[in-house]
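Undergrad: The structure's right below; bear with me while I get my questions together.
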Amino acid sequence: MKLSQLKKGAKGIIKEFTDLEMSVKLMEMGCLPGETIRVERIAPFGDPIAISVSGYQLSLRKREASTIELI
Amino acid sequence: MKDKLRIALVGNPNTGKSTIFNALTGLNQKVGNFPGVTVDKKIGFSKLADGTSLEIVDLPGTYSLYPKSADETIVFEVLSDRNNTSHPDLVLIVADATNLKRNLLLYTQIADLGLPVIIALNMMDLAAKGNMEIDIDGLAKRLNVPVVPIAARKSQGIEELKKAIQYQTHASFQNPTIDVEVIAPGLIRAISDELNLSNPYVALQIAHQYKNIRYLTKPQISKIEGLEKQYHFHSQKSQAAETIARYNFINDILLDTVKYNSVALEENISNKIDHYLTHKIWGFVIFILILFAIFQSIFAWSEYPMYLIETVFVWFAEMGHRFLPEGALTNLLIDGVLAGLSGVMVFIPQIALLFAFISVLEDTGYMSRVTFMMDRLMRKVGLNGKSVVPLIGGLACAVPSIMSTRTIENWKDRIITIMVTPLVSCSARLPIYTLLISLVVPKKYVLGFINLQGLALMSLYVMSIMAAILVAWVMKGIIRSKIKGYFIMELPVYRMPRWNNVGITMFESVKTFVTQAGKVIIAVSIVLWVLASYGPSNKFEKIEQKYDAPGLKSQYSKSEIDRLIASEKLENSYAGVLGKSIEPAIKPLGFDWKIGIALITSFAAREVFVGTMATLYSVDGDATKMESVREKMAGAKNSSTGLPIFTVASAFSLMMFYAFAMQCMSTMAVVYRETKNIKWPLIQFTYMLVLAYTASFIVYQLLK
């Protein structure tokens, strides 16, 4: 399952990334394999989304979220 | 210890880095530039108890030494190049205690560069409230680095921080964090040998960034390029491996030193606030209401201080005319310099208020929510959620806003944002709008509380933003690019604004406006006074001779003749000639030659308009009786028709012109610096001029 498919309020654990370039940027921001992610909010027009990760909130677009595979 | 210590302040965005900077330096700071780049270099000065003077350099906020934007490249350059004029003796890393894991990533990178470091662990008060226990001594011991707990917003721990700086030696003792050499063993050694480096992590960073590092020479760059091929170096893979290793190191330490008892309270509150502030409907309603409130307050609160400043200048001018000897120098001083100065000073209240509001929006964390809400919408028109901040910042000034587009990683999004930002009504247009609106819009209240003048002003602002969006949408179709953009942004928890910071922002912005724009305005005022006071060849003499005729003397009183002479002189002055020469082109817009003069002079900077009007109308007419510019303009009549010059049609037409035309040298200079291509400022200037002329023409012809 991909992060972009997660509903508001749902949780998941990061398994891997499908895009190397994105993964470097996401990992720097604390999205690491094994971290638990929770979808906190979805923006009024359906994109981007806000997630909780590593103890803070991060917003990213659905296209970026779709490169994160969850366990 | 030596007498002078240079400290670099480094940290993630939203960690309170600037609060600490302000707390350490107070108002004792200046803004400069790093040589060769346009990144603002904030330097502050302070003194330690033992008399050591500190020079503190505030580096751009970044999550990592790997730059995501042009701004962030400077951080590694300054820290790794001993010959850099800003190279520090000591690095002060500001880390957010409530978000330690991600904040420590930057720490581990900087620690590995081998400079002496101190960690300022900020937001300790919030960490405690969030039921989080941090073993400070344990952390310091594990890293072997001084860790100073502080709560910068409450000014707690600043003295301790100064002490830690005082006791820090000039050698670095921090424990190594990860084994850098294993990431690219052969390459690191080869680059170290090539550049004579002693630190392996500097070599690794250079391996990633060499193309953008300005202190490397061309032969060095091509040598590194060759080495990377030889060792099969893959930048992204290596970076991924490094980041994972760093987080392993961090997790290990945090496991022993931090205890979480429950979810942070602040975050829960933030979530509740966000439920409304980023709500599908309420989110936008609140956003509009906030903008509405800001513009209403700017008008309401600045009225009295503006009146006060105006009165003081009128008094000075009166005193000057009464007590100074009559002559060209006195006239230059009063009608040139003083009139120009008054035109600058009178807008200080509005600029201060606008910057204060923008800094509050940034400081509370609301601005990033606006970015979050608007991203989808902005993408539709070829922009990016991150374009919202430059666009809103454009309400204050396009120059810093265009510089702030460097946070937009995607080239096309960034170019479009740069191209449309100057359309957003900046504070320099505010004086013009205020003046013209107060001339033609009655000061009435609709529904009891909506100030009609405020409403007119807000419509102009809304229009400017819509124009920016529309132009962006058109450009989206024209500019081609293959690179995909991305959008990864922290949503900081809501915080109360730091009034101290807001105050400093207000002070700094006013200082910049007065010194930067003020210089231009006063210089232009003086040139203008000369242009308006002197004319080609012997025309002035002829005018004097004409009115010396006995027939006229019996017909008019002395003061009437003086006024006629003055007005005819102005018409025949250099300024008049210039204004008249463009009159045919601007007549369909409802402008006369005097406005023509103002348009010409304000092509350098819009603010000059009001100063020009001040000069033109105090030169024209009875010079001994001072009136404020507004009254003079209201009384201005077209010399051929006798009708007032500033009607609803011509005033709004003029506002349209100022709304759309690119009348700002500084903006054009910045666009050139940021795009490194003369094509962009030229395109921008042209399209904006066409837009301005068309809009003015339509408005004047419709309202006439």
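Here the Cβ of each residue, glycine as well, is placed from N, Cα and C on the backbone.
Among the features that TrEMBL reports, domain 'FeoB-type G' is placed at B:4-171. Among the features that TrEMBL reports, transmembrane segment is placed at B:281-301, B:336-361, B:381-403, B:415-440, B:452-474, B:513-532, B:640-661, B:681-703.
Looking at the shown structure, can you explain where the listed features end up?
TA: Listed by sequence, the residues of this chain that lie at least six past the ends of the transmembrane segment (B:281-301) yet keep a Cβ under 8 A from its Cβ atoms are 349-350, 353-354, 357, 361, 366, 369-370, 373, 430, 434, 451, 453-454, 457-458, 461.
Here the transmembrane segment (B:381-403) has long-range neighbours at 38, 40, 351, 354-355, 358, 361-362, 367, 370-372, 374-375, 410, 412-413, 416-418, 420-428, 461, 465, 468-470, 472-473, 475-477, 479, 485, 487, 489, 509, 664, 666-667, 670-671, 674, meaning same-chain residues at least 6 beyond its ends whose C-beta is under 8 angstroms from one of its own.
Sequence-remote contacts of a segment are chain residues at least 6 beyond its ends whose Cβ falls under 8 Å from one of its Cβ atoms, and for the transmembrane segment (B:415-440) they are 298-299, 343, 346-347, 350-351, 354-355, 382-384, 387, 390-398, 401-402, 405, 408, 453, 456-457, 460-461, 464-465, 467-469, 471-472, 475-476, 479, 513, 517, 605-607, 609-610, 613, 629-630, 633-634, 646-648, 651-652, 654-655, 658-660, 662, 664, 667, 671, 674-675, 680, 683-684, 688.
Tertiary proximity for the transmembrane segment (B:452-474) is limited to same-chain residues at least six positions away from its ends with a CB under 8 Å from its CB atoms, namely 291-292, 295-296, 299-300, 380-383, 387, 391, 394-395, 416-417, 419-421, 423-425, 433-434, 437-438, 441-446, 655, 659-660, 687, 691.
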Undergrad: At a C-beta cut-off of under 8 Å, are there same-chain residues at least 6 beyond the transmembrane segment (B:336-361) that contact it? List them, or none.
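TA: Same-chain contacts beyond the ends: 290, 294, 297-298, 301-302, 305-306, 309-310, 313, 316-317, 320, 367, 370, 392-393, 395-396, 427, 430-431, 434, 497, 501-502, 505-506, 509-510, 513-514, 517-518, 521-522, 524-526, 528-530, 607-608, 610-611, 614-615, 618, 629.
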